[in-house]
């Protein structure tokens with residue numbers, strides 16, 4: 001089979017391949033992980049050691065005060081307390097359950113499963129429930145991604161509709177887009193990150209910073225499990241509380257996914273395998289694309305001025321005559 005030959009790139013044209021960029025990205029990723037490791041080690045390592053020593057002092061103080069209780073018996077009691085807490089039993093009141101596996105609690109567990117939050121404070125213990133959890137997550141996680149994708153698309157369409165309405169009122173289109181995007185960002189911050197901590201502070205007794213921390217850790221699906229709503233046995237929670245938080249999680253994850261998508265578009269290098277630039281005598285970048293000619297060879301092609309290219313992720317960029325960039329390796 002005849003293989004098309006690519007002509008040598010003319011002088012003045014630079015090819016930039018993604019291997020160095022990928023290596024730099026991996027190095028930056030590893031450096032960022034190393035930075036997080038060092039910071040967490042410095043901030044939490046000493047506190048964890050102090051907490052462990054404090055627990056051991058209190059344990060031996062308890063043994064000295066209650067001589068009828070020996071070390072192995074106390075360790076067994078501690079293990080029973082931890083296991084009872086994991087199973088949902090309340091140890092600070094006369095009730096025997098905090099409602100973790102009642103209808104509302106089971107619904108919240110289902111939401112945290114298919115959204116991949118996985119707080120870790122609650123897990124099924126029967127084998128039948130564990131097997132069902134596997135099947136439920138296997139189908140529910142893709143379904144959740146589809147729902148989040150549709151919700152994010154609707155939010156994005158709403159922003160574009162607002163931008164068109166603002167542009168139709170005589171405003172500059174670029175300013176209209178900036179205003180619509182800024183309004184969506186501010187409203188999302190208020191609705192999903194800044195106002196919910198006030199509710200959590202009222203219902204859970206947390207500080208505002210603790211509520212904000214829980215909101216972000218939940219919506220980003222990190223889900224450490226150190227802060228979980230509805231787990232304080234000394235507080236009464238209405239039925240609507242966890243249901244409303246479940247809806248907040250669903251819409252908040254869709255909004256945060258849009259924000260993360262925007263950050264990705266700013267961090268990632270756009271284009272295909274390499275980018276081709278042509279430097280003209282006027283020190284301006286001119287647009288060049290490559291297409292296959294009749295003889296099977298690649299030939300350069302310059303489109304008309306005022307054309308636009310559709311980039312990945314559906315972003316349309318209008319190219320000006322003096323600053324135009326193309327991605328080679330693909331058909332124009």
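Cβ atoms are placed via backbone N, Cα and C, with glycine included.
Straight from TrEMBL, the features:
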type	residues	note
TRANSMEM	21-43	transmembrane segment
CARBOHYD	94	N-linked glycosylation site
DOMAIN	95-156	domain 'Potassium channel'
TRANSMEM	103-122	transmembrane segment
TRANSMEM	129-148	transmembrane segment
TRANSMEM	178-200	transmembrane segment
DOMAIN	192-267	domain 'Potassium channel'
TRANSMEM	212-230	transmembrane segment
TRANSMEM	245-264	transmembrane segment
If you average the pLDDT over the domain 'Potassium channel' (192-267), what number do you get?
-> 89
Please spell out the DSSP helix, strand and coil residue counts for the domain 'Potassium channel' (95-156).
-> 42 helix, 0 strand, 20 coil
Go through the chain and flag residues at least 6 beyond the ends of the transmembrane segment (129-148) whose CB is under 8 A from any CB in it; none is fine as an answer.
-> 110, 113-116, 250, 253-254, 257
